[in-house]
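In what follows, a single structure is set out as structure tokens and then discussed.
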Amino acid sequence: MTKKNKTLGEFIIENQRAFPYSTGELSKLINAIRLAAKVVNHEVSKAGLVDILGASGDINAQGEDQQKLDVLANEKFIQSLTNREIVCGIASEEEDDFVAINSHDNNNQNKYVVLFDPLDGSSNIDVNVSVGTIFSVYRRVTPIGTEVTMEDFLQPGSAQVAAGYVVYGTSTMLVYTTGHGVNGFTLNPAIGTFYLSHPNMQYPEDGSIYSVNEGNYVHFPEGVKKFIKYCQEEEDDRPYTSRYIGSLVSDFHRNLIKGGIFLYPSSSKAVNGKLRLLYECNPIAFLAEQAGGKASDGFRSILDIKPTELHQRVPFYCGSKNMVEKAEEFIDIYK
Ligand code: AHM
Ligand code: MG
């Protein structure tokens, strides 16, 4: 019987017990993310007080520099993961290169690398719109006991062992998968505890929402234009509803719950679109597929792409399975 009011802490312990050979490292890693998420949530929720407390670049009352929130989020997640000595390397959208964590005490015995986008959609903060943190976890491929190399980070998304996001929204939620379904936890800010609020999340197979920055319409490939027109046509259950926040985590979260498709296509201005394969598309694609949805670059599964560089961008179509397949059909016809 599922216990009511299960906390994320309890859920992590239970899940670890379900795998008798697990060493607990992944559990510790998720715990470190949980902690950093709470710290970042606290800071993000104060963003509206910036005129009162001081903007980034200002000196605060303690004589410390106020940091931009995305820089701060980057630091908090790296700190939390590094302090607990549970990962051997970290790559962040905010850093040019990956960071090797030299855990001399245990001779580089840690086996996981984490890639993350500390505060995605941060340009929305000034206008009080939800932002998020996205993370992706891989087992290293180079031998344990040595320092990590680029090879450990450039793995296809299908090799992810865990992925998730935190959405700092009207409620703050942590949604993650370790490859056994997707579960969502909502933070009770009064006591700082995440509760299992969305067990076993399922992406609706069909949906009626399309999410795309239509301001770029004229620059989109013909197939994408035709798909957008299809969404707008008066036929069957169409026209669909257009919803675009411009904050990937929030757009994805809404579509995951309600059913829909998110598109960030290639365009004549940006041939590979805007979103980053390693920090944004892979983790979101893993979550989508674990929930029964689909993620594609228009031609193939996002999770099958073998990355060639850390900050690689990729066109992104993600959402309800039938809607993504429909978009792929159009893209294929007009390729
Ligand atoms: P960021 O990583 O610089 O925050 O950019 C990523 C964000 C996504 O959250 C969102 O889906 C996209 O950029 C919106 O881009 P645009 O303003 O071009 O529509
Ligand atoms: Mg981003």
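Just so it is clear, glycine is given a Cβ too, placed from its N, Cα and C backbone atoms.
Here's what TrEMBL has on this protein:
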BINDING   GLU93, ASP117, LEU119  Mg(2+) 1 binding site
BINDING   ASP117, ASP120, GLU280  Mg(2+) 2 binding site
BINDING   ASP120, GLY121, SER122, SER123, ASN213, TYR244, LYS274  substrate binding site
DOMAIN    6-199  domain 'Fructose-1-6-bisphosphatase class I N-terminal'
DOMAIN    204-331  domain 'Fructose-1-6-bisphosphatase class 1 C-terminal'
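Taking a Cβ cut-off of under 6 Å from any atom of ligand 2, none of the binding-site residues GLY121, SER122, TYR244 qualifies. Recorded residues TYR244 (substrate binding site) and GLU93 (Mg(2+) 1 binding site) have their alpha carbons 22 Å apart, per Cα-Cα distance. Working note on the binding-site residues SER122, SER123, ASN213: by count of other C-beta atoms within 10 Å of each C-beta, SER122 ranks first. Put simply, the two farthest-apart Cα atoms among ASP120, GLY121, SER122, SER123, ASN213, TYR244, LYS274, the recorded binders of substrate, are 17 Å from each other. Fewest Cβ neighbours within 10 Å among the binding-site residues GLU93, ASP117, ASP120, GLU280: this applies to GLU93. Counting residue by residue with DSSP, the domain 'Fructose-1-6-bisphosphatase class 1 C-terminal' (204-331) contains 56 helix, 19 strand, 53 coil.
Taking a Cβ distance under 6 Å to any atom of ligand 1 as the criterion, the binding-site residues ASP120, GLY121, TYR244 reduce to ASP120, GLY121.
Apart from the site residues GLU93, ASP117, LEU119, the chain places the Cβ of ASP70, ALA73, ASN74, SER92, GLU94, PHE116, PRO118, ASP120, SER122, THR133, ILE134, TYR279, GLU280 no farther than 8 Å from the centroid of the site's Cβ atoms, the recorded Mg(2+) 1 location. GLU93 (Mg(2+) 1 binding site) and LYS274 (substrate binding site) are 13 Å apart (CA-CA, integer value).
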